[in-house]
Amino acid sequence: MEVSPLQPVNENMQVNKIKKNEDAKKRLSVERIYQKKTQLEHILLRPDTYIGSVELVTQQMWVYDEDVGINYREVTFVPGLYKIFDEILVNAADNKQRDPKMSCIRVTIDPENNLISIWNNGKGIPVVEHKVEKMYVPALIFGQLLTSSNYDDDEKKVTGGRNGYGAKLCNIFSTKFTVETASREYKKMFKQTWMDNMGRAGEMELKPFNGEDYTCITFQPDLSKFKMQSLDKDIVALMVRRAYDIAGSTKDVKVFLNGNKLPVKGFRSYVDMYLKDKLDETGNSLKVIHEQVNHRWEVCLTMSEKGFQQISFVNSIATSKGGRHVDYVADQIVTKLVDVVKKKNKGGVAVKAHQVKNHMWIFVNALIENPTFDSQTKENMTLQPKSFGSTCQLSEKFIKAAIGCGIVESILNWVKFKAQVQLNKKCSAVKHNRIKGIPKLDDANDAGGRNSTECTLILTEGDSAKTLAVSGLGVVGRDKYGVFPLRGKILNVREASHKQIMENAEINNIIKIVGLQYKKNYEDEDSLKTLRYGKIMIMTDQDQDGSHIKGLLINFIHHNWPSLLRHRFLEEFITPIVKVSKNKQEMAFYSLPEFEEWKSSTPNHKKWKVKYYKGLGTSTSKEAKEYFADMKRHRIQFKYSGPEDDAAISLAFSKKQIDDRKEWLTNFMEDRRQRKLLGLPEDYLYGQTTTYLTYNDFINKELILFSNSDNERSIPSMVDGLKPGQRKVLFTCFKRNDKREVKVAQLAGSVAEMSSYHHGEMSLMMTIINLAQNFVGSNNLNLLQPIGQFGTRLHGGKDSASPRYIFTMLSSLARLLFPPKDDHTLKFLYDDNQRVEPEWYIPIIPMVLINGAEGIGTGWSCKIPNFDVREIVNNIRRLMDGEEPLPMLPSYKNFKGTIEELAPNQYVISGEVAILNSTTIEISELPVRTWTQTYKEQVLEPMLNGTEKTPPLITDYREYHTDTTVKFVVKMTEEKLAEAERVGLHKVFKLQTSLTCNSMVLFDHVGCLKKYDTVLDILRDFFELRLKYYGLRKEWLLGMLGAESAKLNNQARFILEKIDGKIIIENKPKKELIKVLIQRGYDSDPVKAWKEAQQKVPDEEENEESDNEKETEKSDSVTDSGPTFNYLLDMPLWYLTKEKKDELCRLRNEKEQELDTLKRKSPSDLWKEDLATFIEELEAVEAKEKQDEQVGLPGKGGKAKGKKTQMAEVLPSPRGQRVIPRITIEMKAEAEKKNKKKIKNENTEGSPQEDGVELEGLKQRLEKKQKREPGTKTKKQTTLAFKPIKKGKKRNPWSDSESDRSSDESNFDVPPRETEPRRAATKTKFTMDLDSDEDFSDFDEKTDDEDFVPSDASPPKTKTSPKLSNKELKPQKSVVSDLEADDVKGSVPLSSSPPATHFPDETEITNPVPKKNVTVKKTAAKSQSSTSTTGAKKRAAPKGTKRDPALNSGVSQKPDPAKTKNRRKRKPSTSDDSDSNFEKIVSKAVTSKKSKGESDDFHMDFDSAVAPRAKSVRAKKPIKYLEESDEDDLF
């Protein structure tokens, strides 16, 4: 059959029809796809957007079960159902915020009938018609979506409702929802029911009502929407817990559940429901810390063992996921706990904040204004803390309790566990034959194998000792012996941090090599088989540092594996310390006392050759083989003898036994001293028969020598203030007696050679550099001269040049301080049979007080500040005169700040700061040992740039300092400056540091450590010893002069008798001549006989004998021969001439006269002569220092202006108002507290009461001073006057006391030469130095005589002006206000004294000038007030002072000079002390010269600034003065 050609076409048509129908369907589906739903339909369709998931979820939740109570278990529930219940419950709780009278909530849960009811009293919902919506309010808010009373965000509410959904969502997801509310106000009761998911509203019922308001919501959840059949056990348990939540978080509300009142009395009792039956690690109940911070915040804290846990509520909503409110509270606690943990876990595993948080369980109940959440489920509160509407600052009591509640202990236990885990990773649990990664190990061939217990690991001190051991292994073989070199001393693991142990390569290598495992107990023999080595042999030098290394290794094993010590796991290899040989005989000694015993028992010991072995490196390879061949003699085993061994090791290395260690060392020093006195030999360990050693013996007989030598190296002697290294340097310099400078590096080599210095030369070079430094905060008296860059205050001396480039030589003062005449009375030490430095030198003043001391030894540390040279000299003179020494304050050369006493041995050191204007301050001095660069980097930079925690405080700063002076000009906003003033500028800018002197420990003259309670105790001890040694010096000189006098007398008589022919020597035998001389009464050489009596010659012979036997024998024979008359018979023939005869007679007479003069002098007279000579040279040195400072400054004369401009840049501004350092009551109380803790013998002289009195006195003094200033005639004040004249308004920043200086400074025009005359005047003043506090006041006021040192003390200082003492001048320079406060006393008297008297010689002031000064003073006093730290910058000084007595430094009023003493305040000190004080004052006036004398800076600023800008006629004269004083300063 053929196919019709139309058929395909028909088929196509059908296909097209089908396509058209499909397109039509597609068009319909667009409408179906894009649909619009009502709000109600949307909620039902997408419930998870509103109430959370409507699917069953299984998770861990806190629930309440009848039989268990609140517990944390796995529950299966529908979050949406839980949420709609919660919304109604929170609404009920919210009503408490609207009506505080609300008192009851009743919750009914009926699972059988699927019925939930929540009833609350308190103000109900208004039963009134809404005029806009035309329906009653209850129906509106429960039956209409998007209605709420919470939409006004301007109203701050602390309720849970927020978005207008809550109750409506419950209505929508219920099959039946009934609202019943009654309002007494509107006298109606409203009731209405909604059904079918709020789809159908029932009839509204309105009834008259006259009872108490209430609201009741009853609903039946639409379980089908939640895919549930009934309210199961889990969801009910969750709902019940929420009822308990409301009972705990809502105050004063009773909650009933199914008719029963819940037994919850408040948040605290609610928290207990969680912690019931919970125990901590020790089995005790958890401690709960509770605090009701305020009416909106309540916090509880306890320990958590399951990571961080929190139970928190915001406006009664349970925020199960926490939020910002929990973080806000937790972070406060964590911050404090982290600090505590870090302190208790020093060096352990680093602990971070989140790790601390993991041990906390926190409960927070908060009311927060308008809280925000990350979802409608309200589980996580997201509002920023700044918007909370309240703060929660936990009290110190809460924090303290939190620290003690067990959390810290829990964290520390966790830290230990973590540390142990980390340490165990470093150990290998498997024994290996080969070890990789330790290149310097020469492993024993059998190590780690079957015979590993027979292997010994030799640990050597350094690579050179390893070479020696390897040489010796050629004898014993390499199978059983391995060698590993240690790099110096290993860690004290008993006190090391976890990090140190983890990172310490030496310890990790030893563990790896030996195969040790932390926490493994090696009690039994089998456990030792797990080790790669069965023994460790320690091979170190036979010196004290070698002993220390042995001790540290013993400590390392004992601390981690004490059981190993019982197996004789440790042993040592000893080598000789001395070998003696004669012909082919050889003897070895292993301790010096044994060698000394041999010497004393061997008559001819001098004929033996002696070789000292300083370390293992001294031995040759041949000797190494000899040592190992005689292993029995050289191997000493450590034997465990019982608990006393454990106690001894712990004593030596435990941080907790510091006091026991002190007693241990004290007993040792006393025992050693007694043995010396009784002539007994020293104890020693290694005799010829020693084969083993107990740990107790090792610690108490060998290691103690290291501990003692550590103290000797670190703590100076009271006698000369030097440590052994410094003493060796001084000994070498005295011996070399260089007249020319020498390179530091070369001098270090010379010291090592001449004094047997056995340590690194680098430390020796640093010692030399430190002895020569003279910047502020270093030495008050440098014994060596710094010729080159020896460091400055910019970097605290760290900026010194390389020792190869700098030179030094003895200071001209050194031999005046350490007179050569005393050398014969000293006891010199011997090292390797070479005479080296003495046990101590005996200076004429206690150098330990002049230059201070600092050091940390074993059991003790020492810290003593510097004191003023002239004060000490004056006090020594007082002691010689039988008077009591005056109290002294620390003093640092050229320091211009103030030092005040807070309590006995407690001082506060203040820098200098002045206010230039409302936005600028000037810092012109930093506290002692606060270095300029460090201050800039650590204080000003963070203030300028801010940090993560603190915003910037200043806007800019400029630097104008030199290497000797400080000047920062700091800019800040007016508000910030005002706030800083209120807090205290010194405090804000960290310009105050404390100085505590409770550790004044020094070696006394017999070599025992002694703790001094006060500085005057040191002075008295030194005085008694020095006076005794002046007696010994006198005895020695009398003997020497007597012998020399007898020798000259014999020589003169011999020449005269020869001339007269009474003696004939020609052609006679020597023996006959000697007989004749003896018959005629001539003495055998008196000088030689006297020297031999002094045992000087034998000592020298003994030195030579050991080196050269023949010389020894020869010298012996000489000594043994009879009387010697060579001193007569060897005289040249020309002594018989008349000239020589007359000269000899003259010399004889002079020597006799010298002897008679010495006999008439007492030891005190000799001392006074030395002091006078020293002071004279000191003034010359200081004058030279001033001249050196002046070098390089702009020219004089016509160029003075330029010079002033330059100086003005580095000197303090004359316009500034000095800020008086504030000494607060808290500072004094803290100082007293420290004193009670640290000082056993308490000294109450500096009690706070006295300080307080002084503060009051200071205020009064300031007031008086300012009142008197206008008419005062004080020399210094006059200078101020010039300044004020210039400006008219302001006074020198250094008001009153400084003004005194200013007057001096005003003489800047005076050429430098004139400065010297002033100095002469100053000399007299220097006497007063002792009272640094009152220097100024004392000088000016004669009424305050008691305050300052008697004038007799001043004699040495010839340079000070009669009225101004050094210190007085210094204080002025540094701080006017300080001076004012302190010196106000003095300054008032100063003003009363005629200005001309002081200035005429120093400043060359004409009569009219003083008058001007007086007037200026008046204006100055008013205009240039010194600002107390708190006072306003621009107020008149008197007001500021009156207002803030606390800010004053505490100087007592003029009327109370004695009190001032007690309060004791150190004003700025100048390097030149009294001599230069006057000059410095002048120089301070000159700003440009500030660099010369730092102490002058402040004063100089005033004057200098004033002079250049003088505007008034008077000002011109002052300008001239300023220039002159400037030059003086330069001196």
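Using the three backbone atoms N, Cα and C, a Cβ is placed for every residue, glycine included.
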In Swiss-Prot, the member of S1297, S1426 to which phosphoserine is assigned:
S1297
Tell me which range among 380-389, 990-999, 1140-1149 Swiss-Prot lists as region 'Interaction with DNA'.
990-999
Going by Swiss-Prot alone, which of K187, K261, K936 is annotated as SUMO2 cross-link?
K261
According to Swiss-Prot, which residue out of K19, K639, K739 bears the annotation SUMO2 cross-link?
K639
Pick from 61-71, 743-753, 1018-1028: which range has motif 'Nuclear export signal' per Swiss-Prot?
1018-1028
Out of 110-116, 817-823, 1433-1439, which range is noted as region 'Interaction with PLSCR1' by Swiss-Prot?
1433-1439
If you check Swiss-Prot for phosphoserine, which of S230, S249, S1377 comes up?
S1377
Number of Cβ atoms other than its own within 10 Å, given for K418 (SUMO2 cross-link):
15
At the level of the C-alpha atoms, what whole-angstrom distance separates K529 (SUMO2 cross-link) and D541 (Mg(2+) 2 binding site)?
31
By DSSP, how many residues in the motif 'Nuclear export signal' (1018-1028) are helix, how many strand, and how many coil?
11 helix, 0 strand, 0 coil
Between K418 (SUMO2 cross-link) and S1213 (phosphoserine), how many Å separate their Cα atoms?
59
Looking only at the region 'Interaction with DNA' (990-999), how are its residues distributed among DSSP helix, strand and coil?
0 helix, 5 strand, 5 coil
Mind giving me a neighbour count for K529 (SUMO2 cross-link)? Other Cβ atoms within 10 Å of its Cβ, every protein chain shown.
12
List nothing but the one residue from K599, K655, K676 whose Cβ has the fewest other Cβ atoms within 10 Å; the candidates are the recorded sites.
K655
With every protein chain in view, how many other Cβ atoms are within 10 Å of the Cβ of Y805 (active site, O-(5'-phospho-DNA)-tyrosine intermediate)?
12
If one looks at the chain holding I856 (site 'Important for DNA bending'), which residues at least 6 apart in sequence have a CB under 8 angstroms from its CB?
S714, C862
Considering Cα atoms only, can you say which of K599, K655, K676 is the nearest neighbour of Y805 (active site, O-(5'-phospho-DNA)-tyrosine intermediate) among these recorded sites?
K655
In the chain carrying D543 (Mg(2+) 2 binding site), residues 6 or more apart in sequence that have Cβ under 8 angstroms from it:
K614, G615, H758
K655 (SUMO2 cross-link) to K599 (SUMO2 cross-link): how many Å between their Cα atoms?
41
